[in-house]
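**Q** The following block contains the structure, expressed as structure tokens.
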Amino acid sequence: MNYFPLFLNLHDQNCLVVGGGDVAARKIRLLAAAGGKMTVVAPALCEELAQAVLDGKLIHLAASFNESQLQNTRLVIAATNSEEVNRQVFEACEARGILVNAVDDPASCRFITPAIVDRSPLMIAISTSGGVPVLARNLRAQLEALIPHAYGDLAKMAADFRDEVKSKLLTVGTRKQFWEQTLAGPIPDMVFAGQYEAARQALRESLSADTDAPRQGAVYLVGCGPGNPDLLTFRALRLMQQADVVLYDNLVSAPILDMVRRDAERVYVGKKSNNHAVPQEEINKLLVRYAQKGQKVLRLKGGDPFIFGRGGEEIEELAEAGVAFEVVPGITSAAGASCYAGIPLTHRDYAQSVTFVTGHRRDGEVELDWPRLVSPTETVVVYMGVAQVGKICAQLIKHGRNPATPAAMVEKATLSKQRVVVGTLSDLAQKVVDLGIKPPALIIIGEVVCLHEKLKWLAD
Ligand code: SAH
């Protein structure tokens, strides 16, 4: 171990920063956030520091560094652009036993500063012992994405309950078990969703409840976007890494499924080889059953769960059964296809509104409110419309939309095999057949489609 890691209480401690530029300002910001009483030594200050002096947050000694400035100082940072001055500061501090760091100059450091993930009071510090700071920063970026923003609030709440837990649960073992169970249950998610009072109440209840009471399950209805894993939300990713059971169907791509926790049980509820999907009622029941067993159940949905996803039906049943649930939005495939095909769905010159409709048939017919879809300034996006594309285009023409209106089909949007076919209302259907386009694909209809040629950034 090259360095000993520690967290320093700097409240009301005198800290001195030598140097008045941007690097100094960055260090001063951090030290001040930790409660340090800040003094800066520099002949001149950058704008931010000059303002901090005016605001009374910073004392400025308009001078060059000299040892007399170190009196009563706990910690010093040398942030000048002169190695020689940094060395001088380092040696003066060493002689007095003061903690000292020279920015980017390990030879003049008694301590070094880590990359941090700040979820105060929870704090993660990462260091490569000064070797490869970029590596520490990369790791930090990964952790930032992985750790919910409100993790600190959870830590704070747990700390608030510490004494109460200690007085109720007398051994270290029972306390550990209590926290393990509590943190694996629904309470953290309540905190992450900003429901602080409900979380506190639930914590109070579980503290007074029988410790052998069954663990409570919950269902997370999670939209995972149009298929490209980069388009997942942080929330979706975190839940995928905590789930006990995952229910998924055809629209959830293999690379996304790969990101689910390895030992989670995977349940496929999509279309089987006989082309029959698991009936919706059965999926609803499965969700309830797993949650009632105390499992953390993830229901992964393509795109957004509330856009043609039957998400509403699934959670209705959960609500009736009294199962806790949460719904996580995803990028709907219309948004994914639009961006990845370079076809904006609205545009000041071409379309003032956009309507999402389904091409799914009921009793053999596509039933849409056709007269509402024929305005020349309206973009129409059709989900589940591959098989019916001919009928849909014909109906629009029949109800008055210009047959020359541009129309596109986007197959496997956002995935590496994405294909875009562009035509008009009169010839799109034939092109789709000629090219053998298959679901999942979306139809985009409207003048905006003409922008594709100019705005596409992927090959068709
Ligand atoms: N909830 C989903 C839609 C489910 S309906 C969402 O918000 O996107 C299923 C239809 O979505 C498919 O028939 C297809 O029209 C569309 N779809 C889903 N993923 C797609 C993709 N990657 N590319 C094109 N269309 C897609």
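Every residue, even glycine, has its Cβ placed from backbone N, Cα and C.
Below, the features straight out of TrEMBL:
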- 1-203: region 'Precorrin-2 dehydrogenase / sirohydrochlorin ferrochelatase' (REGION)
- ASP22, VAL23, PRO43, ALA44: NAD(+) binding site (BINDING)
- 150-207: domain 'Sirohaem synthase dimerisation' (DOMAIN)
- PRO226, GLY302, GLY303, ASP304, ILE307, MET384, ALA413: S-adenosyl-L-methionine binding site (BINDING)
- ASP249: active site, proton acceptor (ACT_SITE)
- LYS271: active site, proton donor (ACT_SITE)
**Q** For the domain 'Sirohaem synthase dimerisation' (150-207), give the DSSP counts of helix residues, strand residues and coil residues.
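**A** So the counts come to 48 helix, 0 strand, 10 coil.
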**Q** Between ASP22, ASP304, which of the binding-site residues has its C-beta surrounded by the fewest other C-beta atoms within 10 Å?
**A** ASP22
**Q** What is the separation, in Å, between the Cα atoms of MET384 (S-adenosyl-L-methionine binding site) and ASP22 (NAD(+) binding site)?
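**A** Here the two Cα atoms lie 54 Å apart.
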**Q** Measure between the Cα atoms of every pair in ASP22, VAL23, PRO43, ALA44, the residues the record assigns to NAD(+), and report the largest value in Å, rounded to a whole number.
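**A** If we measure all Cα pairs in ASP22, VAL23, PRO43, ALA44, the largest is 15 Å.
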**Q** Measuring CB to CB from ALA44 (NAD(+) binding site), give everything in the same chain under 8 Å that is also at least six residues away in sequence.
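**A** Those within reach of ALA44 (NAD(+) binding site), by Cβ under 8 Å and sequence separation of 6 or more, are GLY20, ALA62.
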**Q** Pull out the recorded positions from the set ASP249, GLY302, GLY303, ASP304 whose C-alpha sits within 10 Å of the C-alpha of LYS271 (active site, proton donor).
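**A** Checking each Cα against LYS271 (active site, proton donor), the hits are ASP249.
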**Q** So how many other Cβ atoms are close to ALA413 (S-adenosyl-L-methionine binding site), meaning within 10 Å of its Cβ?
**A** 25
**Q** Spatially, which candidate from the recorded positions ASP22, VAL23, PRO43, ASP249 is nearest to ILE307 (S-adenosyl-L-methionine binding site), comparing Cα atoms?
**A** ASP249
**Q** Using a 10 Å cut-off between Cα atoms, which of these recorded positions sit near GLY302 (S-adenosyl-L-methionine binding site): ASP22, VAL23, PRO43, ASP249?
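**A** Of everything listed, what lies within 10 Å of GLY302 (S-adenosyl-L-methionine binding site) (Cα to Cα) is ASP249.
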**Q** Quick test of your reading of the structure: among the binding-site residues ASP22, ASP304, ILE307, whose CB sits under 6 A from ligand 1?
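**A** So the answer is ASP304, ILE307.
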